[in-house]
């Protein structure tokens, strides 16, 4: 199971769905964002 877009994630785990990455611009609130 992966974390969808705008879902909460942890930057030290690769838990976002394919095509997304964990963005921590406002730590500790990290969310999955589109790679594009």
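Glycine is no exception: its Cβ is also placed from the backbone N, Cα and C atoms.
Annotation source Swiss-Prot lists disulfide bond at 2-17 (among others). Look at residue 17 (disulfide bond): DSSP puts it in coil. The Cβ of residue 17 (disulfide bond) has 13 other Cβ atoms within 10 Å, all protein chains considered.
A coil conformation is recorded for residue 9 (disulfide bond) in the three-state DSSP classification, outside any helix or strand. There are 24 other Cβ atoms within 10 Å of the Cβ belonging to residue 9 (disulfide bond). Residues or ranges marked as disulfide bond by Swiss-Prot: 9-22 (among others).
Positions annotated as disulfide bond by Swiss-Prot: 16-32 (among others). Residue 32 (disulfide bond) carries a strand DSSP state (E or B).
Cβ neighbours of residue 30 (disulfide bond) (same chain, under 8 Å, six or more residues apart in sequence): 8, 9, 10, 11, 22, 23, 24. The disulfide bond annotation in Swiss-Prot covers 24-30 (among others) and rests on experimental evidence.
Under the heading asparagine amide, Swiss-Prot lists 36, citing experimental evidence as support.
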Near residue 36 (asparagine amide), which residues of its own chain have a C-beta under 8 A away, given they sit six or more steps off in sequence?
19
Could you work out which of the disulfide-bonded residues (2, 16, 22, 32) has its C-beta surrounded by the smallest number of other C-beta atoms within 10 A?
2
Whole-number Å only: compute the distance from the Cα of residue 17 (disulfide bond) to the Cα of residue 32 (disulfide bond).
8
Suppose we draw a 10 Å sphere around the Cβ of residue 24 (disulfide bond). How many other Cβ atoms does it contain, all chains included?
13
C-alpha spacing of residue 2 (disulfide bond) relative to residue 16 (disulfide bond), in angstrom:
5
